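Okay, so here's the structure we're looking at.
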Amino acid sequence: MRLTTWNVNGIRNPFSYQPWSTTKTFPAMFDILEADIIVMQELKIQRKDLRDDMVILDGWDCYFSLPKQKKGYSGVGIYTRNSTCSPIRAEEGILGVLTPPNSTTQYRNLPESQHIGGYLSEMELLELGVDPLLLDAEGRCVCLEFPAFVLFGVYSPANSNGLRDDFRYAFLTALDCRIRKLNKMGKRVILTGDLNVSRGLIDTASATEDIKKAGLTAEEYVSTPNRRIFNQLIIGGEVYGERDEGREQPLLLDTTREFHPERKGMYTHWEQKINARPGNFGSRIDFVLASGSMRDWFVHADIQEGLFGSDHCPVYSEFKNTVKVDRDGDQTEIKLVDIMNPPGVFNNGVREKDWNIKELPPFSARLMPEFYQRRSIKDMFKKSAAPAASASSSSSLAAATPKPQPEHTTSEISSASVGSSAVAASSRPIAPSSTEKKRKASEVSAIQTTKKQKPTPAASSKAAPTKGQKSLKGFFQAKPKPEDPAEDTKEDMPVSGEAGVAGDAEEMVGDSTISEVTAASFAPHSSSTRDLRSSANLRGSPASSSAPLRLDDQPPPDDADEMVYDPIVNKESWQSLFRKPAAPLCEGHEEPCKSMQTKKKGENQGRSFWMCARPLGPSGNKEKGTQWRCPTFIWCSDFKAGETR
């Protein structure tokens, strides 16, 4: 069994990356993660935006804690695989001051059999210095209880430049106090999620630089208030001086560090603004922490830095199939699935009772009114498979029964006669059919004029009668090029007076057909072409009629240089007006820089600048002569395109 925690930075954000973008479904994602319990943080979604494909998942149950006030902010969700685990209780928040669905009683005030326990006293709530309802209403904690342990899925407040230090400190204090109370009750605890605090220097790439900027010593850095609370909770955490009252004993084991005690660069978060992930300039702030008595329960733990989809990477811990538990003072081996489900579901690793949605805790998302008693589309198709098969067999029998061919309607015959008359209009007149007699003479002449086509030489001498209706493909066949241009021009002359003028012009230009002249009129020298055609029509001299005039032989006018415009040149000149200026090259790699904007408050806020486009290196500093980001920095207002630097 595997437990995975991942800050996804938006519940749908991973689906923009491989390998999640191939299927874009949560069950497929969970199968790739090979996890049975998935704890997600920073969902950035409201309850009204939850969809079926997030909640109604075949074989999965889910629990969400979403912010009550802010939109697109924080949010924690836990998914559990029904085939391996199912919680017996579920709550939202750390302090138990929220109420279960369809109830007005707070979790902390429910009967002992219906709540998890370990809540802070009224005095301890007052000492936090923060409104308890506000602390639990930001969607930062989901608490599930299994017979094996109590699981906390947490998204701890981040360091917001000192603006919410009191809220952050109160959150960690409440979490520490609740875990210690549960431990006194004899319950094992697993704390997992994005805790937004690192243990020490080995867990932060920028630790040395941060110490220098703040003017601290290494001891003072580790002893900052939030980090001090955290290290006093962890077994093996660095604690200088006497421990705080009530925190004399460390309780939780850092499973990832337990399997990799000296590993450096084991980071789980990288700053996106500086593109720090390629150079592995990050920090380790995502954890799977377990009670010390569970040390032998784990077979492996690690990070999955190769899986993209967020500014964090997944972190997992894998359990053994058989674990040792303390019963009446004796260590007894037991199948893990037996104590990861309600009593009676598994016995010695064998399922004896099927999963039932009615036995889920009230906090389950599948019991929300908008999702309860709903089915997935996949289930609907599964149940209707047998009727669909019989329907398909009946449809196949119906398809095999021969159907009588319908007779041609009057409209089909009329369309066919119009098409055939259009093909042979220039060679010989065709007697109109009974349908065509009803047409007006103006309509018939219009059809003959607009649908005039060049017939083949065989069709011009003798039109072969068509047998039956002409196929649709015949109307789109390419017309063969006539062998004799002069003969073709004579046969192609229209009957109407307007078309006769065009025919005279076509005959005078010789080999150039009317379509070629028309196309030439849109060329850059269209004015000279029009002059040529008009002069040819007005002269009518024997010389012009005896010797065909070719456009290629016509000498260009004297002012041709002033009248010829290259459309490609014009297009490029227009595009150059709207094209962004070329980026300068960085000094270290001679590569195009990237443009950034200053967002820090001050006199330069809003100004744009150029910098090296390569990612930041492992040192976190700009480097010369390496493959990482070089020190190139240019204000956009100081750079002019074409300059060399």
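Each residue, glycine too, has its Cβ placed from N, Cα and C.
Just so you know, TrEMBL annotations are computer predictions that nobody has curated.
What TrEMBL says about this one:
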ACT_SITE  Tyr155  active site
SITE      Asn196  site 'Transition state stabilizer'
SITE      Asp286  site 'Important for catalytic activity'
SITE      His312  site 'Interaction with DNA substrate'
ACT_SITE  His312  active site, proton acceptor
COMPBIAS  388-400  compositional bias 'Low complexity'
REGION    388-563  region 'Disordered'
COMPBIAS  414-427  compositional bias 'Low complexity'
COMPBIAS  455-467  compositional bias 'Low complexity'
COMPBIAS  480-493  compositional bias 'Basic and acidic residues'
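On the structure: features taken from TrEMBL.
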| residue | record | Cβ contacts under 8 Å, 6 or more apart |
| --- | --- | --- |
| Tyr155 | active site | Asn7, Gln41, Glu42, Ser74, Gly75, Val76, Gly139, Arg140, Cys141, Gly193, Asp194 |
| Asn196 | site 'Transition state stabilizer' | Ser156, Pro157, Ala158, Asn159, Arg168, Ile285 |
| Asp286 | site 'Important for catalytic activity' | Thr5, Trp6, Asn7, Gly193, Asp194, Leu195, Thr268, His269, Ile303, His312, Cys313, Val315 |
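Its Cβ taken as reference, His312 (site 'Interaction with DNA substrate') is surrounded by 23 other Cβ atoms within 10 Å in the chains shown. Secondary structure at Asn196 (site 'Transition state stabilizer'), as computed by DSSP, is coil. In the three-state DSSP assignment, the secondary structure recorded for the residue listed as 'active site' is strand.
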